[in-house]
C-alpha cells in the first residue's frame with residue numbers, strides 16, 4: 001500500500017518492499033537494471049528507478065538530465081526541473097548557513113554523504129555504559145553518507161575553508177562524544193565481539209566488492225577524546241534541540257525516509273507535540289520553501305512534459321499494490337495560494353502563476369504560466385485513465401488543494417467513473433450542507449428550511465438572492481432574501497449568528513469588532529477559525545478568548561497553545577469533522593473550553609469514527625466484508641497501521 005497523508009504532508013515512501021526472509025531479492029526484483037556509462041568511464045551494472053535515487057554513489061538528484069530520466073526509469077520520480085550540480089551546491093550551502101549550531105551543520109552534511117569500519121570490543125567509559133542512548137556493546141573493553149556522495153564532496157571541495165571546521169575538528173569532536181544521541185543511520189561496518197568467528201560474513205555483507213582502502217578504529221582514542229566506544233540515537237531528545245520548527249520538520253522527514261516504522265511510532269507516541277511540526281503551522285512554511293529545502297523525491301511528479309507518458313510514470317513507482325492516491329495541482333496549497341510544483345505526494349505540474357516562484361533559482365517545477373482549458377483537462381484525463389489502468393477501479397483518488405474553479409468540475413466529471421473525493425470543497429458550502437442535513441435528520445424538517453438558517457459570506461459580502469445571476473453554482477442554494485451587505489462585521493450584526501465558522505483561507509478576518517459583536521448577543525459564542533496554516537487563521541485562540549472576555553467556545557484548523565484569561569486556562573481545540581468525534585468529548589473537555597477531544601487519543605477516536613462509518617455502510621447494504629464483524633471498533637483497531645517492528649527470518 002502507498003499510504004499518503006497530504007494533510008500531514010507525510011507519506012510512506014519505501015512501503016513494504018522488504019519481504020520476510022528475502023530483503024535483497026525483493027529489492028532487486030522491484031528495480032529495473034540497465035547498463036549505463038552515465039556515471040563512470042566504463043560500463044557498469046547499476047540499479048535504476050527508485051533504487052537509483054537511494055544509491056549515494058550514483059544518485060544525482062535533480063541533476064539527472066531528461067535523457068537520463070527516460071533511460072533509467074526516473075520519469076515522474078523527480079520534479080520536472082533539471083538543476084546543475086552548481087545550483088544544487090548553492091542551495092545546500094544556503095541551507096547549511098541557516099544552522100547556527102555547528103553540530104547541526106555536521107549532521108546535515110553527514111546526511112548528504114555516505115564510511116569506515118568500527119571494531120567494537122566494548123568500552124571502559126562508565127558514562128557511556130550508563131547512557132540510554134549508547135549503541136555499542138555494554139561491557140568492559142576487551143583487550144585485543146547516504147543521499148548524494150559526489151555532491152557532498154563537491155560542496156566540501158569548493159567550500160573547504162568554511163566546512164572543514166564542521167566535518168573535522170572542532171565539530172567532529174563533539175559529534176564523536178554525542179554520537180549515540182545524533183546517530184541516524186549506519187554508514188559503515190560495525191564489528192563487535194558478537195561477530196567473533198563471523199567477520200568474513202560481515203565483510204561480505206558490505207555492498208561494495210572492490211575495496212582499496214579500509215579505515216578501522218576500536219574507538220579507544222578518538223581524536224584524543226579518550227574511550228568513546230560506539231553510541232546510539234534518541235530522536236525526541238534531538239528534535240527538541242532544534243529551535244526552528246522547519247528544522248524539526250526536515251529532521252522528521254529524514255527519519256521517515258530512513259525508518260518508516262520508527263517515524264510513525266515517534267509520531268503516534270508524541271502526537272500532541274509533533275503534529276504542529278508535521279502539519280500546520282510548520283508544513284505551511286515547508287510548502288512555501290519546498291524548493292530550497294528539497295532533499296530527495298518522495299512521490300510522483302507529473303508535469304506537462306509527461307503528457308502521453310503518464311502510464312509509464314506510474315509504472316516507475318516501486319509499489320504495485322496501491323489503494324489510495326492523493327493528487328494535487330498545487331494551485332491552492334493550505335490556502336497559501338499558487339505554489340506550483342511545491343508539495344507532495346503526487347503533483348500534477350501545469351506551471352505556476354506565482355511570479356516569486358518563477359524567479360526563484362531554487363524552484364523545482366515547470367517555469368511557465370499555469371496551463372488552463374483544454375491542455376489542462378487533457379493532462380488530467382490522461383492521469384485519471386492511467387491510474388485506473390495501472391491500479392484498478394478500486395483505487396481511491398483524493399483531489400487535494402485544487403482551486404475551486406477546477407475542484408468542483410473534476411469531482412463532477414469523475415465521480416461516476418472513479419472512486420474520488422475532495423475534502424477541501426467540503427469546507428464552506430460543504431460544511432453548510434452537512435449542518436443542514438444533520439438538522440434535518442434530528443428534527444425531521446425539510447433540508448430547504450434548514451438551509452435558510454445558514455448564511456454564507458464570500459469576498460463580495462453576504463450571499464443574497466439579488467446576487468443569484470453572478471454566483472457560482474455551488475453557492476446558489478445559500479442565497480437568501482436580504483439586502484446586500486458587503487463586509488463580515490455588518491453581516492454578523494445583521495444576522496446575529498450563534499456560530500461563526502471561517503474556511504476562507506484569509507487570515508485575520510475575525511477582527512476584534514467581529515468577535516465582540518458575536519459576544520454581545522451570545523452567552524457562549526462558538527467561533528471556529530478553521531483556515532490554516534496559522535498565518536491564515538481567521539483569528540488566534542488568544543484573540544478569541546480575550547476579545548470575548550473568556551466566553552467564546554473556540555476551535556481552529558491550526559494548533560494554538562492554551563490561553564490563560566483572568567485566572568482560567570482555556571484549551572483551544574483543533575478541528576476534526578465527525579459526529580462520532582463529538583461523542584468522544586468529555587465534560588472535563590467542555591470545562592476547559594474544548595469542543596474536541598485531545599489529540600493524544602487520536603487512534604482510539606479514529607477507530608470509533610471508522611466503526612461508525614462501517615456501521616452506516618452495512619446499514620446501506622454496501623459492505624463487501626461479510627459477515628459483519630461482531631465488534632466494529634475492535635475490528636477497526638485490528639486494521640490500523642502499527643509501527644511495531646516486524647520480524648525477518
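A Cβ is built for glycine as well, from the same backbone N, Cα and C atoms used for every other residue.
The following features are taken from TrEMBL:
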DOMAIN    145-250  domain 'Malic enzyme N-terminal'
DOMAIN    256-415  domain 'Malic enzyme N-terminal'
BINDING   332, 532  (S)-malate binding site
BINDING   400, 401, 424  divalent metal cation binding site
DOMAIN    410-618  domain 'Malic enzyme NAD-binding'
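Feature map: annotations from TrEMBL on the structure.
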| residue | record | Cβ neighbours (10 Å) |
| --- | --- | --- |
| 332 | (S)-malate binding site | 21 |
| 400 | divalent metal cation binding site | 24 |
| 401 | divalent metal cation binding site | 24 |
| 424 | divalent metal cation binding site | 22 |
| 532 | (S)-malate binding site | 25 |
* Structure fact -> argmin Cα dist to residue 332 ((S)-malate binding site) over the binding-site residues 400, 401, 424 returns 401
* Asked: Any idea what the Cα distance is from residue 401 (divalent metal cation binding site) over to residue 532 ((S)-malate binding site), rounded to a whole Å?
  -> 12
* To do: Measuring Cα to Cα, tell me the gap between residue 424 (divalent metal cation binding site) and residue 532 ((S)-malate binding site) in whole angstrom.
  => 12
* Calculate the per-residue pLDDT averaged over the domain 'Malic enzyme N-terminal' (145-250) and state the result as an integer. => 69
* Structure fact -> Rounded to a whole number of Å, the separation of the Cα atoms of residue 400 (divalent metal cation binding site) and residue 532 ((S)-malate binding site) comes to 14
